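Notes to accompany the following structure.
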Amino acid sequence: MIIVLGANDNGEGGTFALYSLLCRHSRMGLLKSSHLEHEFVTCCDSNVSTKETRASLVIKEFFNKHRSSRVVLLLVVLLGTSMVIGDGILTPAMSVLSAVYGIQIMAPDLHENYTVAIACVILVGVFALQHCGTHRIGFLFSPILIAWLLCISGVGIYNIFHWNPDVVKALSPYYIYNFFIKTGTAGWSSLGGIVLCATGAEAMFADLGHFSELSVRIAFTGLVYPCLVLAYMGEAAYLSKNRGDLQSSFYKAVPDAIFLPVFIIATLATVVGSQAIISATFSIISQCRALNCFPRVKIVHTSNNIHGQIYIPEVNWVLMILCLAVVVGFRDTATIGNAYGLAVITVMLVTTLLMFLIISTVWNKHVFLAFLFVVIFGFVELSYFDACLAKLHKGGWFPLVVSAVVLSLMSIWHYGTIKKQAFELENKVSLDCLLRLGPCMGIARVPGVCLVYSHVTSGVPPMFAHFVTNFPAFHQILIFVSIQSLIVPKVPVSDRFHVSRIGPPELPLFRCVVRYGYKDIRDSYAFETQLIEKISEFLKRDLSSEQMVVIEQSLHGAKTRRSRELRFQCQESSEDVNELMEAEEAGVVYMIGHTCVISNEASCILKKFVINVVYGFLRRNSRSPAASLGIPHAALIEVGRVYRV
């Protein structure tokens, strides 16, 4: 809370935010950077030291020289991300089931099946209401959590004084040492259950964008941490006199007079906690998707005012099915807790490893401080990690399986996308070559505007060259559009569209590079209007600048012939603006590639399986590029092409 929160990416947290910092400042990423990212560093990351140490230069040089090190770094980041996604499965199941088990305290004869059924109903309700967003009931979350924290701290204080006031001595580090001396291996193994006391911190860091760094620190140190310490000490005081109630110690320690209110508040708090991790999962997957590390999914913005509130239908229903499977399959909070603990401590380990690079290469502190950070926190986390691994056969295997599947899918999608983009860059056609073929092929011009989407930022994409070769015609206004995902949280609106004119002046050919950060909202429905406006502004700027040159040259007695040439250019620019407006009225069409990506015949069996089978399956079952871009079907042109990568 004190150190890691300071490593936020302009207010954004999580493993991808740390990776973003490393990519921009230390060039450690596989994801491509641009000059805008480096401008973003200088204008927004004012708290980062620019004085590099010798160790910082050595580490950066190592990552720059060895591509394999950058691959490993990306895999570590994706591992942490996949574990947080696994939290999105385990947290709702663990929280709701543990709260609902309080019913068995009130009705001991109630069969376990009814408790599991009630938990499943609550979980279905939580996931079914995700499409509504949290902005309508979000104002209730803070009062519920404050009431919950005050409630458990009050119960804890009562239990301390009622059962065993000496439990406060546990705050002394001496008793930690004494505990391990007396218990030995059994005490070490118990760390796998103790780690659950720290769960939620990794999700809070991942969802940092909804809060400020200062507010989280104040809330944690001033309210959350003291309340949790009092609650756990009170529960320990109760167990010191009632060791037989270990399996249900929380509800057993609640006085009968306030049992029902505590049960209701606990159930509401678990719903809020589940909502928080589900929202964090949506946010993380949205970031991964923006950086081509997750298949295309539908992202719905549930609030017009709070841009961070999103809903992903496909992910929501998959999470719900897996949550129900965990509840029905494990049926026991202890087993789910074993799985939960391993997922949480893995995320913390990944964060600690990334912090070593952040401290040494981004903050440019002495490498000894970075090493000291890793030794202190890494030793603690490895101790918990080792204890959690000991419970691998008691549920700890579940997050490993989930993370392995998610990590594999994310890695394969990223690998296939990179190969596809590389094929487009290697097989692009020069514009001059295409224009020289024009008179020979008798290319016709049709009225309207055509937006050609590709990843190529120079030259002509192979898909369009293939189209013109087979169908020698293109529209009156041709705009090559390339959408770039930058490794920054947000791109300023003024820098989002970069318009340039390509080709000879008599041909209205434009290129527009559209830049987004991984937290930017992509409003596909307003995109067409914004793009036409930017090109119109581009033409008007050229017109006004040329007129200024004419006036300046006239005042200084420039040649009349040159002035006439410039006035003629101004007239052409004015005609270009009118032609753009007329073409827009005639209609706008969108051209994208309907590509089939397959591996080369000379590829190894593993690559053929990854590209032809897995990546092909993901492409067929994810959202189509046209749907992701919000392109209307009536104005869509798809060009088929086989990419052999």
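Using the three backbone atoms N, Cα and C, a Cβ is placed for every residue, glycine included.
Record features (TrEMBL):
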DOMAIN    1-435  domain 'K+ potassium transporter integral membrane'
DOMAIN    447-644  domain 'K+ potassium transporter C-terminal'
TRANSMEM  71-94  transmembrane segment
TRANSMEM  114-132  transmembrane segment
TRANSMEM  139-161  transmembrane segment
TRANSMEM  186-206  transmembrane segment
TRANSMEM  218-238  transmembrane segment
TRANSMEM  258-285  transmembrane segment
TRANSMEM  306-327  transmembrane segment
TRANSMEM  339-359  transmembrane segment
TRANSMEM  366-385  transmembrane segment
TRANSMEM  397-416  transmembrane segment
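Across the candidate stretches 114-132, 186-206, 258-285, 339-359, 397-416, the maximum count of CB pairs under 8 A to the transmembrane segment (306-327) is reached by 114-132. Counting C-beta pairs under 8 angstroms (sequence separation of 6 or more), the transmembrane segment (339-359) reaches the transmembrane segment (366-385) with 3 or more such pairs. Between the transmembrane segment (71-94) and the transmembrane segment (186-206) there are at least 3 Cβ pairs closer than 8 Å, counting only pairs 6 or more residues apart in sequence, which means the two stretches are in contact.
At the 8 Å Cβ threshold, with sequence separation of at least 6, the transmembrane segment (258-285) lacks contact with the transmembrane segment (366-385), having fewer than 3 such pairs. Residues belonging to the domain 'K+ potassium transporter C-terminal' (447-644) score a mean pLDDT of 78 in the model. Non-local neighbours of the transmembrane segment (366-385) in the same chain are 3, 53, 55-56, 188, 191-192, 194-195, 341-342, 345-346, 348-349, 352-353, 355-357, 359-360; each lies 6+ residues outside the stretch with a CB under 8 Å from one of its CB atoms.
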